[in-house]
């Protein structure tokens, strides 16, 4: 195998990292504890040059491939676009060989975790080490001594660089091997060297190493044990080669492997930061210290290894292609997009290739995000998906894809691209194919919805251009679109700035590109702050739990237990004793209290402290919440009602039986509800969140439309049928994979280990769930849906009651109905008909009143015509009046009457205060006044602002409103002055 060249990149902007998380991603950009950062290439991906503050950017002219021979010659890449990839170096093969290499050395191959991390401090999964963060911090026990993964990751900072650089991606896979106190530097470096030189065939003489400047141990391993010459090992400072998780916490030196493209330049004065010569391809983090508050370093009891290598990066090298996009991991998607656009990638210019790369990259991201349950919306992670989808749609339209790219101009093209991604997903995430139907449906809905948004954007652009031309004509300036308007079109309506500039240019309007770049930079900073931070910390809470084992949960079998107080916290700080009246958090060795998880709220109840041989009660603590903390430790939160409690004391724990029964009924009802939903509306619907409370349940699910009344009745009937069947529930603990093979459904938000608890309602429901449930469905008693509504795009919510809450709800509604029947003097079955009759009578009365008000307003307006003021030089007749308390419709009728009565040119501005703190305004301009450049919509909108409101309309007629009737007289006076001034200055 030969080594081939990478093409130069066109953008001097930061690249996306595919290495493990390091300082740049864990702390605010450029500074750590007041120290300025100089990010190294391990943060930015491979191939970089430095800017003014040490940032590295892609600018490589040549990237090379190697043969398995140590004397391989260096040649430029010769592989043509679209050439079949040798099976030996396919993306799947590279991934498999990495994982098998470490599996053969005792590592457990673990699956990629979800793109939605369990860690609430992290927006999306951005690194391979993220799923192991609690283990690295000592918050959870290790399940295996060492592991290897290929982790799917998403990063969206600097999204505009995608397609413009060789390796900047939003979605990528990170290969990694991890040790949790098992092996350390010696083994990690030896295996990394063997992987690079033997498994992937990189010539040893082309490999350079960087180590932390004080890490003599790593230096000696590389030199003395692995034979790397001293001149090819560089000692580098903390900014480059010392990883920290934050101001405090786990940290340690790094060691990196670099490939030398030009060894003939020699080792004298060689700079690993010279990206025209070197490329970093493997990073090793030696997590061996804990940084304390005073800045000192203490050795960790458990030393860990965290490494990373980008799969797309290695595929780029081994497949002899100039960039990550042309590997077999992404290029099939690009080829499909090119075919839909009726273009050839090989013959395309740079701009076209960039757009096709954007589509290829973003489609991978959106398919995997949707598969992991992140649906398009306007908030949080959903906004990331929506933004990426809109970028693909507008980019596709920009390169000429119309409709579905085939024969249907009204269709969507994203499903065709998603099919390619799904077909490539087998070795990345096998669950994607099983979710194909829902992924395709969601993409189709979102694309068609956005196409409509684009149509509204086109209309807005026309309005903005009209306004720019009119404003320039009035002021004598050159017409221009502001940067904020251009950004609004880009960000909200999906208009590429190039299209906006082109359309504006055709109409003689310039675009404020500087202002647009400022808006883009503001958004970029917000994105970086929100999406690229992982916090690791070791605080007081960690210290107290180091000596406390996991809490033994007894609550499946008993609601009472004797336990020992293992720890006390007040305001997060550990204490030995807490007295009456204090809020306290109590850690026990065992408990019957359920801690909030899987949507189910924590139990309530009491803890009783007993003293002496007679076990006389000496203290009472009321527990109002229970949460899981670090690892599996239960934190009982409550108030000391009597006496005091000390660490080491024995207590009696008692769960509130009635509340627990309510939670059990609602939790089992939630499982039945999910099964009923799948039965009635389709199996593709899935849970998106839940709340299991004592008095109600809430179930969020993925669905694209409201449920009909008939569907809700069917769902409710099914659940009540299953309740009435009095079916015994079965629970068992089994291997996670066995549970999945049996068809068990995972509950949203739940974290699962290798063994899981499975709750089954035979013939109805089978779910992975750690919550508490009734033993027989008959205990639920009944089920009633209270509401069904949309809470976000593609997300619906059902609220319902069961158990005692169901009985209370039905009884309360029956009482309401009895009172209503008494008031209407009808039977319950006749209530609907009687209400319909009353509503019809009310509508008729309102219409009659509105008609009379309009007639009265017109009569009032008749007397105003004689009061019209004539303004020179064009003899414009003007009426500006306060019409008292007439409503908006009557005010409109009066204005229409006046403008029709007065001779052209004429202008009418009327206002009223119809009550309830409201203001109504209307402006009507005759054709001659409109020709003078005046617009009723803009005029009345400005006046309405004085009354705390706004509005607008057409140039000849417009309405507005407000909330400050006390300002109406002054607003009308201003209106009179402005309209007189405007028509007076208009040339005759």
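The chain as shown is numbered from 1 upward.
Positions of Cβ are set from backbone N, Cα and C atoms, glycine also.
Curation plays no part in TrEMBL annotations; they are all automatic predictions.
Taken from TrEMBL, the feature domain 'Alanyl-transfer RNA synthetases family profile' applies to 89-812. On the 0 to 100 pLDDT scale, the model's mean across the domain 'Alanyl-transfer RNA synthetases family profile' (89-812) is 87.
If you take the C-beta of residue 773 (Zn(2+) binding site) and look for same-chain residues 6 or more apart in sequence within under 8 angstroms, you find 664, 667, 668, 671, 729, 731, 759. The Zn(2+) binding site annotation in TrEMBL covers 667, 671, 769, 773.
The coiled coil annotation in TrEMBL covers 828-855. The list of residues near the coiled coil (828-855) in space but at least 6 beyond its ends in sequence, with Cβ under 8 angstroms from a Cβ of it, reads 817, 820-821, 886-887, 889-890, 893-894.
The residues near the Zn(2+) site, meaning same-chain residues not in 667, 671, 769, 773 whose C-beta sits within 8 angstroms of the mean position of the site's C-beta atoms, are 664, 668, 670, 692, 759, 767, 771, 772, in sequence order.
When other Cβ atoms within 10 Å of the Cβ of residue 667 (Zn(2+) binding site) are tallied across all protein chains shown, the result is 27.
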